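A.B. asks: Taken from TrEMBL, the feature Mg(2+) binding site applies to Glu68, Asp85, Leu87, Asp88, Asp213.
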Amino acid sequence: MLSANMNVMIKAARKAGRSLVKDFREVENLQVSVKGAGDFVSRADREAERIIKEELRGARPNYGWLGEETGEEAGEDPTRRWIVDPLDGTTNFLHGLPHWAISIALEHKGEIVAAVIFDPAKDEMFVAEKGGGAFMNDQRLRVSSRGKMIESIFATGVPFGGRGTLPATLQDLARLMPLTAGVRRWGAASLDLAYVAAGRYDGYWERGIFPWDVAAGILMVREAGGFAEGLREGDHVLESGRIVAANATIFDTFAKVIRARD
Ligand code: IPD
Ligand code: CA
């Protein structure tokens, strides 16, 4: 049984998803135009956040808000807030690549208690509630059980556009890649975590992420039996902006390689 909050979150994600799918079809056509699709995608992104905000705040007017596009707003209830990325994987969307998602998390007293990650292009709805498990389209999710690095694949985000975390990430890749079956950079952090929860990836790490990128995914991984922690042991993921996540079997070995630099 889904909680009332979860139903509100799913409804908001589906509604924003319909708007984004319509815009995505348009973006595919815009690839050949000289001006490109940049402004159009910014508008699509903002419109998706507007729809989600209207739905969530309409249903729960006293909760706080943290959204990628509109920032932070305190609510009457200081213990609860929505953390929302209306379009995670913006660069994929802009280039007509069908790998992007809507990420919605509910935080209560500093802890994520409910999460929705919706991939409209593949019609995959990932949901999780604290203590209630994680699901994808009603199918229970479990992290993989792989324990050998050489059989495992890992996802990450490689910084783009001159972000300062590039050298550290390249060093991570140099240490990690020889030990594994491969590393993927698919361009949507929320889906990277959802895929760890689904056992598709064995682990994921990234330096320089925002709370809205990973808030929902953290709960998804934990509820599927995995770990999602700060890059430095004891760090809070949302505050530090650095994350390492994996199935429970391989987490220590994997985290040791990633943490070797810090
Ligand atoms: C980005 C994506 C990407 C990750 C970046 C994020 P955006 O979010 O999740 O995979 O590597 O750190 O900022 O900009 O597409 O919403
Ligand atoms: Ca994002």
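Count begins at 1; order follows the chain as displayed.
Glycine residues also receive a Cβ, built from the backbone N, Cα and C atoms like all the rest.
How buried are these features, and what lies next to them?
C.D. replies: DSSP assigns Glu68 (Mg(2+) binding site) to coil, not to a helix or a strand. If you draw a 10 Å sphere around the CB of Glu68 (Mg(2+) binding site), it holds 20 other CB atoms from the protein chains shown.
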A.B. asks: Beyond the listed site residues Glu68, Asp85, Leu87, Asp88, Asp213, identify every same-chain residue whose Cβ lies within 8 Å of the center of their Cβ atoms for the Mg(2+) site.
C.D. replies: Val84, Pro86, Gly89, Thr90, Ala101, Ile102, Ser103, Ala189, Ser190, Phe210, Trp212
A.B. asks: Would you identify which of the binding-site residues Asp85, Asp88, Asp213 has the most other C-beta atoms lying within 10 angstroms of its C-beta?
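C.D. replies: The residue with the densest Cβ neighbourhood is Asp85.
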